[in-house]
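Worksheet for the structure shown next.
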Amino acid sequence: MEPQILFLYLSLFILSLNFFFTNLKPRLVRLFQPSLESRVKTALLSRKEVAAFLDSPIVEDEEGEEREEEEEGGIVSNANFTFEFDPYMMSKAESVNKALEEAIPVGEPLKIHEAMRYAILAAGKRVRPILCLASCELVGGQENAAMPAACAVEMIHTMSLIKDDLPCMDNDDLRRGKPTTHKVYGEGVAILSGGALLSLAFEHMTTAEISSERMVWAVRELARSIGTRGLVAGQAMDISSEGLDLNEVGLEHLEFIHVHKTAVLLETAAVLGAIIGGGSDEEIESVRKFARCIGLLFQVVDDILDETKSSEELGKTAGKDQLAGKLTYPKLIGLEKSKEFVKRLTKDARQHLQGFSSEKVAPLVALTTFIANRNK
């Protein structure tokens with residue numbers, strides 16, 4: 001495909017997606033919901049697996065228990081090496097922050113660029129870009145090759161947060177310990193800055209020095225994760241599910257929301273890293289399955305924290321899901337079962353990495369533990 005045609009398609013996609021995000025509620029959601037509900041069964045866990053989980057307690061095997069002990073304190077070790085996760089996380093986050101600082105423009109239009117920088121340079125965990133970098137290195141790639149994609153994923157994640165926080169969506173005033181973008185710059189500037197981040201993400205990712213075939217593959221993966229097979233689908237179902245009676249929905253309904261709204265971008269981050277790193281089809285599929293597990297894991301933990309932590313501890317408004325009548329795992333299956341689900345997803349995620357060497361996989365194993373044990 002000619003670069004000019006590819007750019008035109010991307011531009012049209014970005015403009016239509018930005019319009020969809022900002023005009024989603026409530027009319028389009030009502031039109032969108034039936035088709036979404038018909039696709040709930042494509043979510044991560046099957047109905048039988050969910051039922052089996054709810055009917056039986058989690059039983060960790062001896063190997064799982066031993067591994068938990070080995071990872072205690074952010075350290076993964078075996079007889080051959082020791083991996084310390086905290087220094088790794090800090091180093092990767094610093095590299096990502098530096099790259100983001102350089103990637104976001106500073107000139108005119110000043111207000112838009114200020115809002116973009118305000119939103120994206122706030123103190124975030126950078127889990128998604130770090131996942132991208134770690135997945136690239138897992139299959140033999142280099143950090144610098146995956147950095148443009150890592151930044152692109154963080155730009156899109158930040159765009160989604162800006163949109164989520166708007167009064168027409170989740171109506172939140174606090175994000176990453178600071179007032180949300182629309183509270184500081186107004187709704188108009190917030191919407192425009194989100195659209196600009198979305199556009200910049202694709203532009204920036206194309207600076208990666210990889211083959212044209214892998215670039216098209218990566219662009220397709222990223223675009224798919226944002227639209228009606230990704231973020232938009234999850235957000236649409238989430239909004240349309242507010243206030244539903246628990247008897248009207250099942251666990252697969254909730255899972256559809258979170259697989260598409262939260263897990264999809266974590267999955268995409270990992271897949272992009274593996275694509276750019278030169279991974280084989282088999283390696284990329286293993287990474288995809290792993291990341292899908294930790295993406296859902298991230299959301300289950302988020303639901304637990306929303307119910308058990310304060311706004312000061314979280315850096316965002318606590319208890320907002322309950323107030324808005326949103327579906328959450330604790331609400332649907334209870335707090336204890338939700339915690340057991342965390343253990344199950346953690347174990348499943350690790351199993352998808354068994355084909356890789358212990359040393360190369362250590363950052364992703366430790367990242368899984370970090371996500372499962374995070375407190376904000």
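Cβ atoms are placed via backbone N, Cα and C, with glycine included.
According to Swiss-Prot, the feature signal peptide maps to 1-24, an assignment based on sequence analysis. Residues or ranges marked as isopentenyl diphosphate binding site in Swiss-Prot: Lys125, Arg128, His157, Arg176. According to Swiss-Prot, the feature Mg(2+) 1 binding site maps to Asp164, Asp170. Marked as Mg(2+) 2 binding site by Swiss-Prot on the basis of similarity to another entry: Asp164, Asp170. Sequence annotations record features per position, and here Swiss-Prot assigns dimethylallyl diphosphate binding site to Arg175, Lys261, Thr262, Gln299, Lys316, Lys326 based on similarity to another entry.
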DSSP three-state assignment for Arg128 (isopentenyl diphosphate binding site): helix
For Arg175 (dimethylallyl diphosphate binding site), the three-state class that DSSP assigns: strand
Cα-to-Cα gap, Asp170 (Mg(2+) 1 binding site) vs Arg128 (isopentenyl diphosphate binding site), nearest whole Å: 22
Spatial separation of Asp164 (Mg(2+) 1 binding site) from Arg175 (dimethylallyl diphosphate binding site) - C-alpha basis, Å: 10
Diameter of the isopentenyl diphosphate binding set by C-alpha atoms, the set being Lys125, Arg128, His157, Arg176, in angstrom: 15
Residue pair Lys326 (dimethylallyl diphosphate binding site), Asp164 (Mg(2+) 1 binding site) - Cα distance, angstrom, rounded: 14
Cα-to-Cα gap, Lys125 (isopentenyl diphosphate binding site) vs Gln299 (dimethylallyl diphosphate binding site), nearest whole Å: 15
Env. residues of isopentenyl diphosphate site, Cβ within 8 Å of mean position of Lys125, Arg128, His157, Arg176 Cβ: Gly124, Arg126, Val127, Glu154, Thr158, Leu161
Assigned element (helix, strand, coil) containing Asp170 (Mg(2+) 1 binding site), judged by DSSP: coil
Secondary structure at Lys326 (dimethylallyl diphosphate binding site), reduced by DSSP to three states: coil
C-alpha spacing of Asp164 (Mg(2+) 1 binding site) relative to Arg128 (isopentenyl diphosphate binding site), in angstrom: 18
Site of maximum Cβ density within 10 Å, from binding-site residues Lys125, Arg175: Arg175
Winner by Cβ contact number (other Cβ atoms within 10 Å) across the binding-site residues Arg128, Lys261, Lys326: Arg128
Number of Cβ atoms other than its own within 10 Å, given for Arg176 (isopentenyl diphosphate binding site): 19
